[in-house]
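Listed in Swiss-Prot:
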BINDING   18, 78, 79, 139, 140, 141, 142, 143, 233  substrate binding site
ACT_SITE  78  active site, nucleophile
ACT_SITE  203  active site
ACT_SITE  233  active site
């Protein structure tokens, strides 16, 4: 699996969200590459890895990334957070975990009320079969909904998406299945490495309340929470400086 490597310093793995590719992290890469060696992952079926045979499944993807990277901090945005969290729960080489607009359980359950209804993801899966482009555009709009800079972020996401190979319908449906049916709350309870959880105050896809609830599950004393005021689901586009400072501070404090 192809992983782009850039920069110099302590290793940081970055994993993107649904339908996107690692180019979405450009605002962070610009500031972090002077201080960190960045491993920019395109998930199977996405971007530069659009032809890889690795299944879009947690253990397969995590194993492939781990085989190509040194001990590192793992950052996952949105869907990418599930892969980063699974890695942190199963691999000793994960020095720290950064969950960016990501939660161990993306859908509402009886004992997990601060999340979206599962129908959001199942409906997107159905709509993909009818109109691929319109469905992608609606999801990107949901990514930016509520953000102080929603229109600017939406333009950026559309440009970024089209800069590399776009994933096919089967790949996108596999990602939606992960979002709809994965529950890694037990992994949070048992976390060994320190973790930083970043929420967008105005995120409509992963409400800040769900990330706050996730941090309450994590071991006390090694868990940090940052809420980006005015941020939506992609706060690294609108608040890159604040994000960069938070990431660098967290990584600098790791043992």
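Heads up, the Cβ atoms here are built off N, Cα and C, so glycines get one too.
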Per DSSP (three-state), residue 142 (substrate binding site) is helix
Counting across all protein chains, other CB atoms within 10 angstroms of the CB of the residue listed as 'active site, nucleophile' number 27
CA pair residue 78 (active site, nucleophile) / residue 233 (substrate binding site), Å rounded to integer, equals 8
Here the 10 Å Cβ neighbour count for residue 140 (substrate binding site) comes out at 23
Should one count Cβ atoms within 10 Å of each candidate's Cβ, the binding-site residues 79, 142 would be headed by 79
For substrate, with binding residues 18, 78, 79, 139, 140, 141, 142, 143, 233 per the record, max Cα distance (Å, no decimals) returned as 16
